[in-house]
Amino acid sequence: MTTSDRLQPSFVEVKNTSTLSGTIDLPASKSSSTRALLTAALTPGISTIRNVATGFNSNAMKHNCERLGASFSSEGDTTVVKGVDVMHVDREIVFDPGNSGVVLRLLMGVAGYLPDTRFVTQYRYSLGVRSQAEMVAALRRLNVECEAVGPEARLPISMRSTRALGKHTEVSCKKSSQFLSGLLYLGAIGERDLEIDVVDHITAPSMVHTTINNLAHAGVAVEYDAAFRRFFVPGRDRFKPSEFTVGADPASTAAILALCGSLASDVTLNGFFEEELGSGAVIRYLTDTGTLIDELPGNRIRIRGGASIRAQDFDGSLAPDAVPALAGRAAFAEGTSTFYNIEHIRYKESDRISDFRRELDKLGVRSEEKLDQLIIHGNPRSYRGGAVVDGHYDHGLIMALTTIGLHCEHPVLIKEPHHVGQTYPDYFADIGSIGANVDGLIYPNVAAARA
C-alpha cells in the first residue's frame, strides 16, 4: 500500500508480526529538502537538488515556491530549480503550507520581505490550532505588519512589509526552533544586517544547524555566539546558485530503526546519514538497549533485533523527531523509560505527549507525563490490541503506533494512515516488503462503530 493511491485507505490494519528481513531505501529528509527547495527558489539562476523528499512537506514547499515565481523540473533523482529575485515580487501571494509547520514558519520569514501575503490551511484542527505567536511577535519588532487569529496568532495570517526592516529582533524558541530558522531566511534575503537574540533556549539546535548549513552552502554566512543564542546575518551576502544533496529523514529513519529493533529482524537500510539524528544519540540509544547495528560501506547500516529490550532514559532534545518512535519501542522494554526535555514536541502536528498517551492507553500501554516528559512503563509480554487508534494527523504518531500494533495479539486499526505521507509516503509499502503484516482498508462506518 502506498499513499499515492487515488483512493486513500480510511484505516491501516496492523497485525502481529514475528520477523522482518530485507532491505529498505530510506526516504530523504523533509527538513533538508524544504530548506534546499526554498534556498534554491530564492536564488536567481539555476540550482540543483539531488534526492529531494517526496512527502507532503516537500511538495507543499515546492508548490508555494512556485507561487513566488520559481520553477521546478526533474532529471532522474535531481530536481532543477530556476529561482526568483524576491526584490521583484510586488504582488499579493497566498501561501498554503498544508499541515507543515516548518513550511509555514520558513515562508513567514520570507514573507517579512514581501509586500502582501496571506497564509491559509485546510488543516484547521492541526496546523490551524498551533500557535505562531512567537514568530508574529518577532516579525512585528522588525516593522512587519501581521494580522492573526487570537492571542496565539493562529492561521489565517496576513502580512505586509515595506521592506524597511529593523536591524534587531528577539524570539522565543522554547516551543520550536523553526521560528528562528524562518528569521534567518528573512535576514538572508534582506538588504540590511539582522541580529536575532533567542530569549530562552533552542529546543532543537540540530535543526537550526541544518538551516545554517543550508544557507552557507548557498553563500550566506550566519554568525552566532558560543552560547548559540545570538545570531547575525549580514545583509551584503546573496544567494548563489548551488548543488544540494539531501540525506535521510530523521523521523522516518528513527521509525524504521525502532521498528526493526523491536522485533526479530535482519534488515539493511540504504541511504543512512546521521546529521539529523542527534549526532549518534539515536543509534547509541538503540544499541545500548539491545539492538545490534553495524555500519556498512556506501551509507548503509545493518540492523538486527530480537533480543530483550532494556529500559533506558533518553534526552529528547538531542533528536526530537525520534521520540515517538523510540517511545513506541520502549513499550516492550523490561522496566520504565523516561523521555525528557521534550516539552516542544507538544507543539508539533499533534501534542506528541498527551495525544500519544491517549492512544497508548487504548492499547494497554502504561504511561505517565509531565510538562516536558513522557514516561513509558514497558511490558515485554506484549499487549492485547484489538483497538482503533487515532494518528492525530501526525506521521510520527502513526509510525510509532504501527510498531506497537505489530506486537499485539489482535489487529490494531489506525485511522487516516495517509498522513504518514507528511514525511514518508511509502512507509507501509516499505515495511510490508520486509515482512510487516499491514493492510490498507476502507471501512466508512468503522470509526463510528468502534472508536
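Quick reminder: no glycine exception, Cβ is built from N, Cα and C everywhere.
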Per Swiss-Prot, member of Asp193, Asp197, Asp321, Asp372 binding 3-phosphoshikimate alongside Lys30, Ser31, Arg35, Ser176, Ser177, Gln178, Lys348: Asp321
Spatial separation of Gly101 (phosphoenolpyruvate binding site) from Ser177 (3-phosphoshikimate binding site) - C-alpha basis, Å: 11
Inter-residue Cα distance where the pair is Arg35 (3-phosphoshikimate binding site) and Arg130 (phosphoenolpyruvate binding site), in Å: 21
Distance, Asp321 (active site, proton acceptor) to Gln422 (phosphoenolpyruvate binding site) (CA atoms, angstrom): 13
By Cα-Cα distance, the member of recorded positions Ser31, Arg35, Ser176, Asp321, Lys348 nearest Gly101 (phosphoenolpyruvate binding site): Lys348
Asp321 (active site, proton acceptor) and Lys30 (phosphoenolpyruvate binding site), Cα-Cα, nearest whole angstrom: 11
